[in-house]
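Participant: Have a look at this one.
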């Protein structure tokens with residue numbers, strides 16, 4: 001997920017810090033030192049991450065747009081200028097605008113805020129913003145929480161004594177009011193501000209930007225891989241006592257399936273799978289993937305010459321047009337597939353399904369899938385002209401039934417006209433007439449549309465009086481019978497107004513029935 005580094009460039013960041021045995025330094029120098037460690041770590045282990053640098057004081061400025069060039073980020077960080085007072089609200093609004101313009105509102109993003117914890121003074125300060133937060137109109141709301149999925153990391157360049165003294169400082173206020181968003185506060189535990197304490201505070205590196213290494217297995221074949229970005233823990237809300245589920249480092253391929261059978265399933269997240277080449281001594285050489293801006297180093301050349309199961313799997317899935325089902329944990333599955341970025345470049349991707357034994361209803365339980373060769377006959381046919389999927393559910397879905405919906409008056413008029421057309425063709429259309437009549441009756445009862453039943457009954461009685469002399473005698477009996485049944489249903493009688501009750505054709509001498517049912 002992309003990262004926005006939000007750097008405080010106000011005057012309070014220029015406050016000096018005395019360090020024994022060295023020249024006087026500023027808090028800004030400590031912040032630059034910490035971010036330099038972060039950029040160096042990301043350039044080595046997280047180089048596919050898009051990162052942007054934004055500075056703020058009373059105004060905010062986009063120093064470096066989203067990029068993978070960490071040299072550019074470092075150069076801009078070293079050339080930061082000092083400005084006036086702190087205004088965090090404007091900076092957070094700027095971050096929101098930048099991310100939405102570049103990634104939209106569905107892409108998760110990480111925001112790293114580096115500040116000294118000062119609230120600012122006067123209008124635009126954090127204290128003023130939060131005091132007026134409930135008196136604002138819709139278009140001037142406080143920018144937290146962000147309109148996109150996010151994690152906010154606050155790196156506070158202040159010692160433990162200052163943290164205790166400023167009990168209403170930035171991180172406590174945000175933590176108190178916006179506890180329901182993902183926010184992580186990092187402070188210095190010691191009373192001395194120095195480069196070593198900054199290094200211990202930036203444990204953010206290990207928490208948010210540690211690479212996710214795993215072993216991918218398929219039978220006796222294995223491959224060391226890196227999954228990017230790092231899969232986040234998933235919590236199922238439906239559980240009584242929900243516990244976060246994490247992706248295991250042992251990814252077991254349980255089978256393969258046609259792309260057409262799995263179609264385009266709903267997924268929680270998508271990740272890039274990169275092979276990690278290992279030399280004979282067991283030391284990691286690096287990932288086999290190369291970026292467009294990355295130079296061919298001897299390490300990359302060595303990794304490209306090493307045989308790797310991950311590369312074999314990627315090529316096979318691409319050529320055969322299949323996906324691999326992979327087990328991520330107990331009762332949790334995902335899929336591996338080849339995705340093309342361009343005509344010449346493609347990547348091995350992994351998508352995570354919802355936890356559960358049946359994440360895709362049209363496949364059934366994944367644990368019950370087996371090799372096609374074990375079936376009595378080929379489920380795909382001799383010429384691959386058919387497919388065993390989708391599996392029909394045992395219970396008929398509500399959305400799979402033909403439900404009558406009248407959104408416009410024209411739809412209701414069409415259904416009534418269809419009944420009248422069949423009524424004029426009785427007795428040849430007896431079955432169709434009663435089928436349409438019962439469909440309309442059930443819909444009217446479901447909606448409580450009693451007046452419709454009375455009106456249709458009157459229409460049927462009118463049609464009965466307008467029958468020509470050449471009409472079949474059975475037509476008049478059926479129309480009168482249907483009209484009477486609709487009137488009984490509209491009166492609310494428990495027997496004839498039941499939803500499950502169907503109006504059946506009247507048995508007459510002309511329709512082959514006995515005379516006892518005649519009217």
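The backbone N, Cα and C atoms fix where each Cβ goes, and this holds for glycine too.
What you see is a predicted model, and the numbers here were worked out from it, not measured in a lab.
Quick paste from TrEMBL:
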DOMAIN    3-117  domain 'VWFA'
DOMAIN    209-356  domain 'Integrator complex subunit 14 beta-barrel'
DOMAIN    404-511  domain 'Integrator complex subunit 14 C-terminal'
REGION    284-303  region 'Disordered'
REGION    371-394  region 'Disordered'
TRANSMEM  170-195  transmembrane segment
Participant: Is the region 'Disordered' (371-394) packed against any residues at least 6 beyond its ends, judged by a Cβ distance under 8 Å, and which are they?
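Facilitator: For the region 'Disordered' (371-394), the sequence-distant neighbours (Cβ-Cβ under 8 Å, at least 6 residues beyond its ends) are 255, 258, 260-261, 361-364.
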Participant: Over the domain 'Integrator complex subunit 14 C-terminal' (404-511), what is the model's mean pLDDT?
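Facilitator: Reported value for the domain 'Integrator complex subunit 14 C-terminal' (404-511) is a mean pLDDT of 88.
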Participant: Can you break down the domain 'VWFA' (3-117) into helix, strand and coil residue counts using DSSP?
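Facilitator: Split into helix, strand and coil, the domain 'VWFA' (3-117) gives 48 helix, 31 strand, 36 coil.
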